[in-house]
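Quick look at what TrEMBL lists:
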- 44-128: repeat 'Solcar' (REPEAT)
- 137-222: repeat 'Solcar' (REPEAT)
- 233-327: repeat 'Solcar' (REPEAT)
């Protein structure tokens with residue numbers, strides 16, 4: 001589903017809002033999933049929260065798709081001399097205005113299966129960790145369960161991630177549809193191409209989820225120490241905490257995300273003797289190449305448009321989530 005800055009409820013949470021008012025989509029979904037109460041599980045409120053979050057993510061990603069494609073383009077084709085302006089002009093010249101939304105269709109399409117798989121895997125992981133004991137999981141146990149759930153969901157839907165990158169970078173007329181793109185990639189490059197960049201993507205889950213959760217809990221606990229347990233935090237504070245924690249996690253794991261995207265974009269050609277890459281490189285060799293040719297800044301190529309989309313993404317996803325929540329009859333108490 002959308003990249004939601006939802007965090008587990010801890011004993012002493014001042015308000016249920018700490019859990020459910022943070023469905024913020026900033027383009028990645030590697031954080032620890034939400035925890036629902038027993039009452040929400042029994043009454044079916046949990047799936048309404050997931051549906052509202054999914055719709056919010058779809059609207060947010062569609063509205064910020066041009067900035068996301070700009071980020072992907074800079075990650076793969078950007079150099080020290082490439083500016084955002086020249087990159088944007090190049091995309092508009094090659095494919096016109098609507099080309100800015102290339103790859104958005106599959107980016108929205110993967111929200112439903114990813115959120116469903118992640119939710120089920122998270123619940124199963126919590127049951128295994130908890131065992132026969134009826135107790136609340138610690139923050140560290142939730143982090144482990146969330147990371148495991150993220151790994152499972154990413155493993156299953158990863159071919160869609162590769163497809164998203166390929167479709168975002170495609171030239172005019174290269175693919176007729178998502179199905180046509182999948183067929184051509186499979187026939188010309190083989191099935192292994194659908195898991196290019198899988199290792200850095202999996203490794204990126206740990207720093208993203210860990211830092212995201214740690215920063216959020218630090219901000220939340222700082223607020224709770226200074227305010228009454230009966231005092232509800234403002235919407236602005238909730239949005240700020242969720243945005244800061246998710247953005248921090250994303251920045252710290254960004255080099256791995258860039259390496260993943262470059263590996264996904266590499267075209268490989270199936271040969272009778274095996275599958276050979278046009279520009280063969282592994283995760284480590286690619287990192288060394290980037291560092292040697294571009295320095296540390298090369299590992300953060302495309303970070304500016306990524307920051308540019310944070311504010312509108314947060315505002316749109318929050319507003320959409322609230323409207324969907326009200327329509328589905330979900331209250332925050």
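Cβ from N, Cα, C; glycine included.
In the repeat 'Solcar' (233-327), the DSSP tally of helix, strand and coil residues is 71 helix, 8 strand, 16 coil.
Residues belonging to the repeat 'Solcar' (137-222) score a mean pLDDT of 92 in the model.
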